[in-house]
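A quick write-up on the structure given underneath.
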Amino acid sequence: MKRRKLDPAEATANFAKGADDRFQAATPLRGLLNKVFPDHWSFLLGEIALFSFIVLLLSGVFLTLFFDPSMKEIPYEGSYPALRGVEMSQAYASSLHLSFEVRGGLFMRQMHHWAALLFMASIVVHMARVFFTGAFRKPREINWVIGVLLFLLGFFAGFTGYSLPDDGLSGTGLRIASAIMLSLPVIGTWLSAAIFGGEYPGELIIGRFYIAHVLLIPGILLALISVHLGIVFKQKHTQWAGPLRTNENVVGERMFPRYAMKQGGFFMAVFGVIAFMAGMFQINPIWLFGPYRAAEVSSASQPDWYVMFMDGLVRLMPNWQIYIPFGDGYSIPPLFWPAVVGLGALFTLPMAYPWLEARKLKDTRSHHLLQRPRDNPERLGIGMMALAFFTVATLSGANDVIADKFHISLNAMTWAGRIGLLVLPPLAYYVSVRIAFGLQQHDREVLAHGVETGIIRRLPNGKFEEIHQPLGPVDEHGHPVPLEYAGWVVPKKMNKIGALGPAVKGFFFPVEAPAETPVSPAPIGSAKKEEISSKR
Amino acid sequence: MTAHHGATAEPVDVNDPKLTRFDIVKEGLRRDDIEIITYESQFQGPNSKAEKRVVRNISFLFLLSGLFALVFLVSYIVWPWKFELGHTLSDYYTPILGVSLGISLFALGIAILAWAKKLLPHEVSIQQRHGDPSSDDERLITGQTAMYVADELGVARRPLLKGAIGLGLAPLGLAAAAPLVGGLIQNPHRDAEPMMYHTGFDPKTNGDKLVRLTRDDGSPIRPDDVSAGGQMTVYPGVPGGATNKFADSPTLLIHLRADDAEKTRVAADGDKNGRNKGSMWGNYVAYSKICTHAGCPASLYEQQTNRLLCPCHQSQFLITDNAQPIFGPATRRLPMLPLSVDDEGFFVATSDFKDTVGPDFWERP
């Protein structure tokens, strides 16, 4: 039998034919290759969260191979001398083992922790982008709700994660979590007993948190992230207003190759930054904290940054206890309000916001064009109000450290936080709304009168005036025809409309002959001439 | 189809041998309702100087990535990594891994990004969204189809079935949930085990004998062991008393100076509900260390102002006034442990705390 020579092109074609025979893949695959994505740097903030999540999964799997979620007490016999002989849980001992006796283990632990911080940070920044540009509006409300849920799940993933090593700091966090559960009216003691398997701390909680942290929460996160991305894909991405862009189209570049390459490159860059931080910046040095002991705590016991707002709210809450004189007497401790009601409100209010806004504006249309923050001042104000609240609460979560480092009275910090929490959000609302209106106004001025050229002219009657370059056509008297406000960037400097030559390429020396730089005074075109002559 | 719908181009026969590959790509774009508005090289001609320079730079970044990946690999294998006390080479192990892997990945990322942004043609494409909802007919048909499913089942016509399904499935649902939830439930009010209302200082944990105050190594404490103005964390003198099994028991034993002690005694004896009366021993007083707010150890003792401060949420308690909260979110004073000294001269607790120790909850008496 004659052996045929294998032709790679033909083999690939045959494979593709076979695949299409079975899955009818050709048409949908072409659609995928051709799909157009709008491009803007702010659309990549959510990508950072996705990439951090992938790093979290990879590094997390490595960590599970060494971590032992057992609360059995054993004497430490590892290579860190300061703790040798100390009684500690297996969980803590195995975390120390991971840090000191596994090659590259500390690097992986720190990578996991830094990726977690970056995951939460990029979610917050991405949410701010989506909020301030109105990207959550119909038809994307559900994806906004999923996003808020992702933050909530990330919050619990982070909390269960940093509780696992069972060191001094994480035990303190667990103790507070138990107190928060106890503060729930009626069911508090039952809930705490159910979760801790009896009285705090018991011997089960690390094992339970472990399964939540490595299976339940990441499973739900993975499912929700998939739905989140699926919806983005189905509904197509929002885009900024601009030339050619309408509510019915997407202007950008095809997914392959350019957009996909940008995604891949950006992933590698984010991964690189996380790896760099994991090696260079120490995080959660658990060996310094010692094993958890109920009697021991140090000052500067801060949770991870995304939990600090809650800790801050708890610190600022006045000692208002509600007593219910009924039967033996019942009470609702002050911890309940910031930690349970506060947290609940901080998640449900944002979830409801898309519908609240649509209801207020009586807006039932679908929106695919983004709004600049200045074009919806009320929304901007509400968002800034929320951010001011979050910032004051977060800073208050570190008020003991601030008091210590800046030599401020601790009680003064608490009072500053209490007052700031009430005063700063409305102030932020007012200031940002005013700024938004101001920016809008300035855009409209430039659209109506043109760009300030910086050229001052003296009129025959002695009056000085600045020449404006109209952005559009002029009428028969040479006055600029007012342009419609489009909710998009308005050039405000002459350089933006080509008064300056294009930038010279090359870093140290020009690689191409530089374009002709305009001579000063610039040669005046016909439109300009009319404008100048018009103001006689 | 709307007027501005998709490409303006006419359909072409893709089997036409005269077509270039890009012509076929454009036909695909037309079918996907995409129009390429701009598609132009970023360079002034093939093999321009600028293009060669960009290609050189990107190649350099790929090589840099490979180089640092090798640095990572070699350091990972040969650099001394085992922890040793003192300033040793192993201190640099993790930083070297981070820097080498970081630079390698970052250079790779920038190389790919530069390729996409600098080498590929500049492109602007427009795709139509097609975000219109289904037509009214489609909605009607789907709705009616769904309703017909219900008709087929005939639940509405067969009320017995409806009731039977409800009564049959509800218990099954509960049966499925019961083992999941039931296994977790623990009664926090069980008397057999000391939960919520008892600590290790309860004589019941010690065979009805009074419990000694001990250090974390279990050794008992004599009054002389704490100097005036000093304080010591003490634990119940029962097996495992200093472990987390007795997480509510850690107590702060304070030896007050004479004048503060007098103030404290007056306040304790004048206690409104009488619980703290006679609980001091000499100039010594013992308060629960577990904050009544969120359960952290209220362990920062300010000798000058006689305050105890909880470092978690900054609740402050006044030692000379029954440990009343005077600042911060705590609402309830720290319980006082009634003290005495036994025949051998060691501190004992004459009973358990008379108030509930630890964070507040709904049914706390």
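Cβ coordinates are placed from backbone N, Cα and C, and glycine is handled just like the others.
Curation plays no part in TrEMBL annotations; they are all automatic predictions.
Annotation source TrEMBL lists transmembrane segment at B:58-81 (among others).
Here TrEMBL flags B:93-116 (among others) as transmembrane segment. Counting same-chain residues at least six beyond the ends of the transmembrane segment (B:93-116), those with a Cβ under 8 angstroms from any Cβ of the stretch are 54, 57-58, 61-62, 64-69, 71-72, 75-76, 79-81.
Away from its own ends, the transmembrane segment (B:164-185) comes close to residues 155 of its chain (Cβ-Cβ under 8 Å, at least six residues beyond either end). As annotated by TrEMBL, transmembrane segment applies to B:164-185 (among others).
Secondary structure by DSSP for the domain 'Rieske' (B:282-348): 3 helix, 26 strand, 38 coil. The annotation domain 'Rieske' is assigned in TrEMBL to B:282-348.
Long-range contacts of the transmembrane segment (B:58-81) within its own chain (CB-CB distance under 8 A, at least 6 residues past either end) are made by residues 88-90, 92-93, 96-97, 100-101, 103-105, 107-108, 110-111, 114-115, 118-119.
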